[in-house]
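Quick notes on the structure that follows.
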Amino acid sequence: MSSSSGLERIPSTQEERLQRRRTIESELSIAEEESLSSALPEGFKYENENEKPPKSKYVIFVKTQKYYPVILNIVHGSIWGVLVRKGLMALTSYKGSFLSGVIWANFTACIVMGLAIDGENLWLKLLEEDEYSAKGAIPVYTGLTTGFCGTVSSFSSVMLEAFNKAADTEIGVYYQYPNGAYGIMEFLAVVLAQFGMSVIGFHIGKHISEMMDKHLPQLDKKTYKMLEYLSMATGIALVIITCVLLGVKPHGAWRSWTFSMLFAPPGAILRYYLSKYLNSKVANFPMGTFAANILGSLLLAVFNLLGRGKLPGNNRRIVNHVMGCHVLNGLDDGFCGALTTVSTFVAELFALRTWFSYRYGISSIMVGFAMFILILGSYNWTVGLTDPYCS
């Protein structure tokens, strides 16, 4: 027997290099988790393999903190967010396009989200003065990320588009696939293109931030407070203007826009509270964002059923009045669009470890798509869908 048989094998240079690389990647992943957890206003709970972080790492707000500045900034951001999304969709949707304009809305939202999350210099002085515990606790920053970016992007709209492509139920377009199995490829094409573009946008935003962050000025407390009060006042003014327009202008195709402006703030606020209170419940799975995206997808399926569903026994629509159609459009684009988000969803995917990221992403997509299959799909296959009264 060889005398060296009991000795441990000495790792090769390549093995040492591989181990060193994996150690560095693990440390960077932990740093990314900590950074994004504090950068996201909603926060989320993560646990390292070797240590459990204290509660303060993933819970940004305390119960005694005043929420009025946060809520009003979310209201302000969500109204501009829904207008930007509807505007981008109107500009980028055209006859013959495979995907709707929501892909560009999600792309834009993720660019801005990447810019905001990776940018530090603008808020540095406020954090050094201990005015706020973390960047995610700053009301204007929350209005930009949760309010604006979260509303410009829409998870439920992606799921609706994936369903319409898979089930061949697009408005005014019928492809007549050779068989139903081709719908699976359509579903995958929509999901991969939509979320692939969103991931690219998030990376572009982070890269732009790396280049320009050091050139941005630092906000002092006085300047920031002026900006915060201006944002809050503008948010209140926009709500009042929206209500007045809905009351004095009862006709016009643009009413779906004003209804969207009316319903967007409640959707964004509900998403914020769901994420804030549920994200810390399950480690490595942002349950609040998941719940908001699934609830929004479920409601969007119901609203689309009401807008496009046929009455049993005849070909008449369930909703056959222009006012009801505009309200449903407002709920679709406003409430559901603001309740669900792709920008925060993508940011959370990059904040989680690889396995947890895939688990969270695939679960969200499959459960969200299942809402449309169960509600809109079952009704289409038993009663039928038609084009809505208005678009």
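For all residues, glycine too, the Cβ spot is worked out from N, Cα and C.
The annotation region 'Disordered' is assigned in TrEMBL to 1-22.
Per TrEMBL, the feature transmembrane segment maps to 67-84 (among others).
Residues annotated as transmembrane segment in TrEMBL: 96-117 (among others).
Residues or ranges marked as transmembrane segment by TrEMBL: 184-205 (among others).
Here TrEMBL flags 226-248 (among others) as transmembrane segment.
With a threshold of 8 Å between CB atoms, the same-chain residues lying at least 6 positions outside the transmembrane segment (254-273) that come near it are 41-42, 70-71, 74-75, 77-79, 81-83, 86, 142, 146-147, 150-151, 238-239, 242-243, 245-246, 289, 292, 296, 323, 325-327, 329-331, 333-341, 390. The transmembrane segment feature in TrEMBL is assigned to 254-273 (among others).
According to TrEMBL, the transmembrane segment annotation covers 285-306 (among others). Through the fold, the transmembrane segment (285-306) approaches residues 42, 44, 155-157, 159-160, 163, 267, 270-271, 274-279, 318-319, 328, 331-332, 335-337, 339-341, 344-345, 348, 356, 359-360, 363-364, 367-369, 371-372, 374-376, 379, 385 of its own chain, all at least 6 residues removed from its boundaries and within a Cβ separation under 8 Å.
Here TrEMBL flags 358-379 (among others) as transmembrane segment.
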Stretch in 96-117, 184-205, 226-248, 358-379 most in contact with the transmembrane segment (67-84), if contact is a CB pair under 8 A: 226-248
Residues of the parent chain within Cβ reach of the transmembrane segment (226-248), under 8 Å, 6 or more residues beyond its termini: 68-69, 72-73, 75-77, 79, 139-140, 143, 219, 255, 258-259, 261-262, 265
